[in-house]
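Presented below is the structure to which this report refers.
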Amino acid sequence: MEATSPGYYLTYLYTNCIGIKVNGFPCKDEANVTDADFFYSGIANPGVINNSVGSVATVANVEKISGLNTLGVSLARIDYASGGLNPPHTHPRATEIIFVLDGELDVGFITTSNKLISKSVKKGDVFVFPRGLVHFQKNNGDKSASVIAGFNSQLPGTQSIAATLFTSTPAVPDNVLTKTFQIGTKEVDKIKNKLAPKKT
C-alpha cells in the first residue's frame, strides 16, 4: 500500500496509536473502526436558540466524531437570531474560519496590540479569527443568519470572556472583578445573576 493512500494512513493511525490518548480521547483498534466513527449529521439543521444572547453553536468535533481523533480538524454551525450575538470569546487551541451560509454579520477580533480588526460579511463570504484572540460575531440584520466554522483542532475549546469571569467555579473574587472593570460589588452581583445558568 502506498504511503500517500488513505488506506495506508488509516492503517498507520489505528495500528500505531493504540493506548495513546490525545486530548483525552483514545484511539480505536483498526478492527473496531466503522463508518459511524467518521459521520455526523448534527449540523445539517439550524440549532434551537433559547438564550439571552441570541445565538447557538452546534459543534462537530472529536466529542461527536471519534474518527477526528489526532486529525486536527473540526467544524461548528453557528445560528443567530435577528440581533443575535456570539459574545466575545477565544479558542485556545485553534484558528477559526467562518463561511456565511445565510444573512449578514458584523465580525471582528482584537489583536494583542488592542486593535480591532472588523468587517461586515454576508452570504458566501469568509472571515478568519486567529488562534487565541478574542473575537465575536453580531447579526445586525432583521432576519436570522448562520455560518459554518472550521477549526484546525479536533477540540478547539471555547472560552466566553463574560461567562469565564463571572460564572466560574469557584468564583473569581469580587475584588478582582470590581478593580478590573472599575465597577462596584452591586454591579458585579447583577452581572453574575444575569449570566448564571438558568435552573431547569
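Positions of Cβ are set from backbone N, Cα and C atoms, glycine also.
Feature annotations, reproduced from TrEMBL:
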- 41-189: domain 'Cupin type-1' (DOMAIN)
- N86, H91, E96: oxalate binding site (BINDING)
- H89, H91, E96, H135: Mn(2+) binding site (BINDING)
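With the fewest other Cβ atoms inside 10 Å of its Cβ, the least crowded of the binding-site residues H89, H91, H135 in this structure is H89. Its Cβ taken as reference, N86 (oxalate binding site) is surrounded by 25 other Cβ atoms within 10 Å in the chains shown. Taking the centroid of the Cβ atoms of N86, H91, E96 as the oxalate site, the other same-chain residues with Cβ within 8 Å of it are A76, H89, T90, I98, F129, H135, A149, F151, P156, T158. For the pair E96 (oxalate binding site) and H135 (Mn(2+) binding site), the C-alpha distance works out to 10 angstrom. Applying DSSP to the domain 'Cupin type-1' (41-189) sorts its residues as follows: 22 helix, 57 strand, 70 coil. Sequence-ordered, the extra residues of this chain that approach the Mn(2+) site, with Cβ no more than 8 Å from the Cβ center of H89, H91, E96, H135, are T90, A94, F109, F129, L133, V134, P156, T158. Just so you know, the Cβ of E96 (oxalate binding site) picks up 24 other Cβ atoms within 10 Å once every protein chain is counted.
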